[in-house]
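Below is one structure; the comments refer to it alone.
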Amino acid sequence: MSEMTPPQIVSELNKFIIGQEQAKKAVAIALRNRWRRMQLNNELRHEITPKNILMIGPTGVGKTEIARRLAKLANSPFIKVEATKFTEVGYVGKEVDSIIRDLTDAAIKMIRVKNIEKNKLRVEEIVEERILDVLVPRPKNNWTENEKNESLLNTLQVFRKKLREGILDEKEIEINVLASTMGVEIMAPPGMEELTSQLQSLFQNLGGHKKNTRRLKIKDAVLLLKEEEAAKLINQEEIKKEAINAVEQNGIVFVDEIDKICKRRDSSGPDVSREGVQRDLLPLVEGCTVSTKYGMVKTDHILFIASGAFQTSTPSDLIPELQGRLPIKVELQPLTINDFEKILTEPTASITAQYKALMKTEGVCINFTKEGIRNIAEAAWKVNESMENIGARRLHTILEKLMEDISFNACDNVGKTIEINSEYVGKHLDQLISNEDLGRFIL
């Protein structure tokens, strides 16, 4: 778990997200409180539950990105789900319990990767020896012991050096590897994912541990053997135990579009896709135990971050019990021209930096001037104001249109420097922005 202080967390988020200081502050405190909780004794630790967060703001202002970056900083199991994908229990559709199952799957994958990385050097040594055993067969017994040892060691050293330098990558060898398990695709109705997963695991285990002899290039054999040897060094039970603990103590669930499951004020009668889903979500957020194929998972200390635009509803339209379980409410502000300008240049791997890097692979140098950046920001803001406001995502649409000709004719401009200035932006965008009907389809 991250031991970063709230100011450090906000500083790290600032590298990727512009503005929204209030939201960053709220998630930074929530993350730090997790670390604080882990420092307490067991009795008190169990009593302290996370303060879940509700982010309110239009699309494209950074709600999802804040949650995603937070999970990376915390090195925690993280999953993003759309509230609209779920239906009330008893109806056709995904049940909310699958959120925790998917989160546990993500944790298993995360812990497995961590374990493989930890054993990386050991695996490389084992694989190297297995390849050398094939390349340098053991000599016959009619050699004297001294001659055998000296000659074998010299030969091994020569082949080891060649192997490490990649000289033998294209050479083909025959190796014994575990037979691949039979691929069984099982179709199941929505909500039956758990049963499907168990049946697939059952069929995969039927193959046992049979070995096949395969003829492969050394570079391909190395990859295959690394997977095989890494799997041998991994303790599956330990991974399950560690993953379940990671989910229960550090898991983060981001529920997007929660406003879409609010019951409309003017509607009456049961609504499968709205209030019923909220009531099914409630036990997860309050704390319950969910059965997964890896074991039982308690949700008491999982952090839930919900978000929605709430354009046709308000947070008070959520059922009261769910409102109470999302005590921290943060409003994210619409993006201004200055925000767009900063988004284009300031974040790590900003959009303009990405385009520069892509064009550099073709030998084309792109230079965005300060005036050009300002014009792009103004164009994005104007289009958002006159049409649908999609926030920072509008910049991708605008830049893609700006770079269209450059990308298409990149091969003809090798070695050239192209300047994206005020004149260039005006030439390519002014007509589209002024003609609202045309812009609606293109931008």
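Cβ coordinates are placed from backbone N, Cα and C, and glycine is handled just like the others.
Annotation note: GLU321 (ATP binding site) sits in a helical segment as assigned by DSSP. Under the heading ATP binding site, Swiss-Prot lists ILE18, GLY60, VAL61, GLY62, LYS63, THR64, GLU65, ASP256, GLU321, ARG393, citing sequence analysis as support.
Its own atom aside, the Cβ of ILE18 (ATP binding site) has 21 Cβ atoms within 10 angstroms in the protein chains shown. Across the residues annotated as binding ATP (ILE18, GLY60, VAL61, GLY62, LYS63, THR64, GLU65, ASP256, GLU321, ARG393), the two Cα atoms farthest apart lie 34 Å from each other. Each of the binding-site residues VAL61, LYS63, GLU65, GLU321 was scored by how many other Cβ atoms lie within 10 Å of its Cβ, and the smallest score goes to GLU321.
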